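Taken from TrEMBL, the feature domain 'Succinylglutamate desuccinylase/Aspartoacylase catalytic' applies to 37-231. Taken from TrEMBL, the feature Zn(2+) binding site applies to 47, 50, 142. Positions annotated as N-acetyl-L-aspartate binding site by TrEMBL: 89, 204, 314. The substrate binding site annotation in TrEMBL covers 96, 97, 190, 191, 192, 193, 194. Feature annotation from TrEMBL assigns active site, proton donor/acceptor to 204. According to TrEMBL, the domain 'AstE/AspA barrel-sandwich hybrid' annotation covers 245-324.
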């Protein structure tokens, strides 16, 4: 069920990365000048049935005063309008998985999936991905049916600007928790909608059912975006952000439901695991429960932290939850290079 060799390999990588982060923290006293962040987009409706982002983006398209900041262009954008209209996750395929070179460079023919065509349009407007012309920052707003609270998703453990932003947001929201999920992994490849930007930021807030909007969940998402934009404005105005360290949950592997020979799910999330996102999971703790009452337990030797537990959208992806480990990331002291530009 859990491959010991694979886990040991990932544990080694985890320890080595911790060592590198410690070394970085010991040598990160100098200030790193970063270019100002001038073009920001806020994506809603990447999945058409995740309604907090849909409601917020539509509202900001009508009245964007609360998201505008001096010295920035902030563009609210509905990413998958056909899926939003049908209140479904997607039309042909998952928009949040097709921003890879093959799909972005695919020839447009009549039967090309709608989301692939839409990805190319988004890449044209906000990219091209990986280029100097790409947008500086994209907030991509998502809801989850899992009990994840207000979660920030980080794609690059070496992105000092985004780590500093997350540190700012977490402090602004305290004492309310704001976990950070690091999806950087050598074999679990993501090609997210937000990855078009130089600094991609995922915002995942739950629990909220698909096709439903809850005021408390929407408000939590709204606050995260507000604090993120406040950070960008302060950075652009020249504030120096001293070295900081944040705790993150690094994704290690995806875990499927137990299945029979016909590939049908034969056990469900155990009640003691349900809604326990970000909580420690130890050897012997229950994972699944069959309808005959058999308990399937966690057999790993290391304490891990599951999340995306029983996410409704992931049944089709054969994913019951993901396993993460805790680690620390340290960001260098940063400031906007706009000050140097003004001085010259």
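Placed from the backbone N, Cα and C atoms, the Cβ positions cover glycine too.
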Worksheet entry | Integer Å distance between the CA atoms belonging to residue 314 (N-acetyl-L-aspartate binding site) and residue 191 (substrate binding site) | 16
Worksheet, complete the sentence: With residue 50 (Zn(2+) binding site) as reference and a Cα-Cα limit of 10 Å, the qualifying binding-site residues from 89, 96, 97, 190, 192, 193 are 89
Worksheet item: Within 10 Å of the Cβ of residue 191 (substrate binding site), how many other Cβ atoms are there?
Response: 17
Item to complete: Could you give me the DSSP helix, strand and coil counts for the domain 'AstE/AspA barrel-sandwich hybrid' (245-324)?
Response: 3 helix, 33 strand, 44 coil
Practice prompt. Report the residues of the chain - excluding 96, 97, 190, 191, 192, 193, 194 - with C-beta within 8 Å of the mean position of the site's C-beta atoms, for the recorded substrate site, in sequence order.
Written response: 46, 95, 98, 99, 140, 195
Worksheet item: Taking the center of the Cβ atoms of 89, 204, 314 at the recorded N-acetyl-L-aspartate site, which other residues in this chain have a Cβ no more than 8 Å from that point?
Response: 47, 50, 142, 143, 144, 145, 308, 311, 312, 313
Discussion item. Averaged over the domain 'AstE/AspA barrel-sandwich hybrid' (245-324), what pLDDT does the predicted model reach?
Written reply: 96
Discussion item. Max CA to CA distance in Å over the substrate-binding set 96, 97, 190, 191, 192, 193, 194?
Written reply: 11
